[in-house]
Amino acid sequence: MVSLQAVQQANVGIGSLPAGLVALFMGATSGIGQSALHHFAQHASSPRIYSIARPSAVRSHETFLDSLRSSNPSGTYNLIEADVSLISEIDRIVADIKENEPKIDILFMSAGFMAFEGRKDTREGLDPSMSTRYYSRLRLVQQLVPLLNNAPSPRVVSVLGGGLESPLNEQDLDLRDPKNWTFWSSSMHSGTMGTLTLERIARANPNLSIVHWFPGTVATPGLVRANQFGMSPPNPTSADEAGQRWAFIATNDRYAVRGGLVPVPIGLSPVQKSGGGIFLVDPAGEGSNNERVLAGLRKRGVDDAVWRFTEGIFASAAKAGRSSQAKDEL
């Protein structure tokens, strides 16, 4: 396990990295994401930060960004208002980023929730608990690959269930049949499909370091909701510690396909990639081996099937978005 002390000591080195790192955060309005953004901004030199907030969270998140402006006035903090359960909104976000930045150094994604109340599809016909945890995340990475590849040591960190992948319902990947959908199955499908598709992106972009991190149980607003539905995991990690650990994972060469960021702490060794080419990281900051599940999925071509299916979802969402826009203009 990587001790919190080692994490904190290493994170001081973030301040020695080149000034002007560009970081995009999706899911930083509360919980792990907000803590991660806080700790990154605390250490980074003149960072250029973009943070996405859903409409209902804009006011509170702007207040939070104001606190970062006060604590590190050398940075630039930009709020992007968007509903990330919609693929069309992701495309708009990417278009805005591309107009303002030639590169992205760090992409952080933790948006999402467990739909304890049941499935309620978006206007694009998707389960929002899956779109925030899978479709929108993949779309964001996919569309930002050119900007990520323009950075010297790009890093993507998706916070969900790296190392916890499980068999998929291959006949109903988006769990559209009500008999197949539960809040748990939607979570497991999101995590497993996320790993398989991120591996595909990593294989096509060998200089891009991609981490799928399972942070364990963390004391966040999401955990409060889980408690209301009878789920009470013991001994949760504080959001503050989780944010510090994310800053370590996002900037340390321990989780890199090549060096260029903060050196690996003395006494620790680089984490090994999964068989598919990404870093699956557990709550202790160590590599997680789940080849027992993943190797079989790859061997049978399930990763390719998931990719093709997801491309179809993106095409359908784009069509639904255009149809909705046309109706709004009538």
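Cβ atoms here come from the backbone N, Cα and C positions, even for glycine.
His38 (NADP(+) binding site) counts 20 other C-beta atoms within 10 Å of its own C-beta, drawing on all protein chains shown. Residues annotated as NADP(+) binding site in Swiss-Prot: 12-17, 38-42, 59-60, 80-82, 160-163.
Taken from Swiss-Prot, the feature N-linked glycosylation site applies to Asn180 (among others), supported by sequence analysis. The Cβ of Asn180 (N-linked glycosylation site) lies under 8 Å from the Cβ of Asn169, Asp172, each of which sits 6+ residues away along the same chain.
Taking a C-beta cut-off of under 8 angstroms and a sequence separation of 6 or more, Asn207 (N-linked glycosylation site) has the following same-chain neighbours: Asn149, Pro154, Val257, Arg258. In the three-state DSSP reading, Asn207 (N-linked glycosylation site) counts as coil. Feature annotation from Swiss-Prot assigns N-linked glycosylation site to Asn207 (among others).
Residues or ranges marked as region 'Interaction with ASS1' by Swiss-Prot: 158-202. Cβ atoms under 8 Å from those of the region 'Interaction with ASS1' (158-202) belong to residues 27, 32-33, 108-110, 112, 114-116, 118-119, 126-127, 129-130, 133-134, 137-138, 141-142, 145, 208, 210-215, 246, 273-274, 276-282, 288-290, 293-294, 297-298, 302-303, 305-307, 309-310, 313 of the same chain, restricted to positions at least 6 beyond its ends.
Long-range contacts of the transmembrane segment (12-32) within its own chain (CB-CB distance under 8 A, at least 6 residues past either end) are made by residues 40, 43-54, 57, 60-61, 64, 74, 84, 97, 101, 103-112, 136-137, 140, 144, 151, 159, 215, 218, 220-222, 239, 242-243, 246-247, 251, 261-263. Annotation source Swiss-Prot lists transmembrane segment at 12-32.
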Request  = Using DSSP with the three-state reduction, classify Ala82 (NADP(+) binding site) as helix, strand or coil.
outcome  = coil
Tertiary neighbours of Val12 (NADP(+) binding site) (same chain, Cβ under 8 Å, six or more apart) = His43
Ask   = Given the binding-site residues Ala41, Ala82, and counting only Cβ atoms in the protein chains shown, which has the most within 10 Å of its Cβ?
value = Ala41
Note = Residues in the region 'Interaction with ASS1' (158-202) per DSSP class, helix first, strand next, coil last, are 20 helix, 2 strand, 23 coil
Key: Ser60 (NADP(+) binding site), number of other Cβ atoms within 10 Å   = 13
